């Protein structure tokens, strides 16, 4: 399975949790050998698949303690229980049940279970029948949502899917499969999150009914959409019926939501009110003490923020080259200050960042009123700067993977630069020193080196992080094309000789004809002419009158090359990469301008509302369901932190209808 192979490649076999939720798995037996490779596996999630049975022998999963097989289509509970009994360490089971009898059957057969459907199991089996019965009732109420008739099972989903297929057959359309699956997943995930909450029974039943209603609402909207195009009169009638039906359901939902059921133990509650009133005085004392502590913490936080501002102001002034009056100036560059401060101290929830900030803040509190008057700014060479950039890239890639595994939001490249420096050096003075040095070096070498220019634009959110991989691919393509050219021109030379010639070209100069061949292969006629004109001013004219007498061989070689022009390979590569960067900037121009309008604090991050406004302004034809789909991809856990690079990656991979078929969203935006 691709998911398991990906986990092995990226995380190895030492993971403790594997999530295979909603993966359409029908046969677990095929996956057992792969799952057995994870020797430390503790938790396995198979929720929402299409399993009708389990393998008879699950002893290969001998380390698994927590198993979720709820919302599958098991037909024989006895077979499932027999299979589960072969798992020696299973102590926590999540499974969809239909009755109290089924729950009691599981408890009797799987005696090692400690938790069933998120409820603790009473380990004392010899206790009174009344206690066991009460516990069984509580667990059954959770597994069947308190009222047995109000459930949402796999059977309901299948019946709705059959109805939807009938509508699609009637419409003769096959283009809504992905959208349909995404809508189902959205509804079920929303229901699942609500059922995990500790809600009253009437609200739980309401959530299940609402999910059912929304499922059939998909069918309703699909048929209305069809009649809106093909039968206007019928569309008006059905739409009116639908609206009235929806209004009735909403009114009923409001009635249920506002209903406050009378407690069975109301008399006992009334008796306890006196005791509660008596304890309120003590609670007020505790409340006052907590309020005082909160006030002190808030004051301390304000002081730390002021200290942080002073250091950021100092850093920014050094990046501008102003070293005159450092501590007394209060001109703060809002973009860098807000980006660093808000993300490293309030928005980001990553445990790693919290640890780094704790170190940073502790040092701030020690030196609250002492700001260093001077910083030793390093003057980095180009090679040193590129080494640092590559280290930041590598650190960012690993950090992004950790955030994905921990279900935390990603950082921007600017944020991660400070995170990286904090993790590497720890001391505030060194962090400021290196950050200032990097910024100064970026200004110095951006015009000289394309890799530096790309990193600088990524920091400023003028280019997406993934574009650096495009530039790497361009470099590799240029070398491969040069190698192909040399093979074609010198077919009798050995592979080693071709490789040596290639290295000579890459580390030195290449001929005009070689450069022309590469450019014409990579670009269309218009772009080729533009690039070839740029190259003309960089060609090296061959020396025709040497100062010394040449040998016959040198004279022959000079005669052969007298009309050939050469070009430094590094210059040739930079021209190509600069052209790629400018083309990419032109491609993103409209999106960048619109994103900056939404990103009012200029930190490269927007929330859900700003993301929706961004899509509205870009106006590429996205509907509410499309926007919800994009949010599920880009911010699945609703952290309200969507970066510029994430938006570019999303809009590069998703497509929308265009004049000539499907187009990438970014392409459609650039053509508007």
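Placement of Cβ uses the backbone N, Cα and C atoms for every residue, glycine included.
Here is what TrEMBL says about this protein:
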COILED    287-314  coiled coil
COMPBIAS  133-143  compositional bias 'Low complexity'
DOMAIN    586-621  domain 'EF-hand'
REGION    122-143  region 'Disordered'
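If one looks beyond the domain 'EF-hand' (586-621) by at least 6 residues along the same chain, the residues whose Cβ comes under 8 Å of a Cβ in the stretch are 334-335, 338-339, 342-343, 347, 412, 414, 461-464, 627, 630-631, 634-635, 638, 640-644, 647-648, 651, 656-657, 665-670, 672. The residues of the domain 'EF-hand' (586-621), classed with DSSP into helix (H, G, I), strand (E, B) and coil, number 24 helix, 2 strand, 10 coil. Mean per-residue pLDDT, taken over the domain 'EF-hand' (586-621), amounts to 92.
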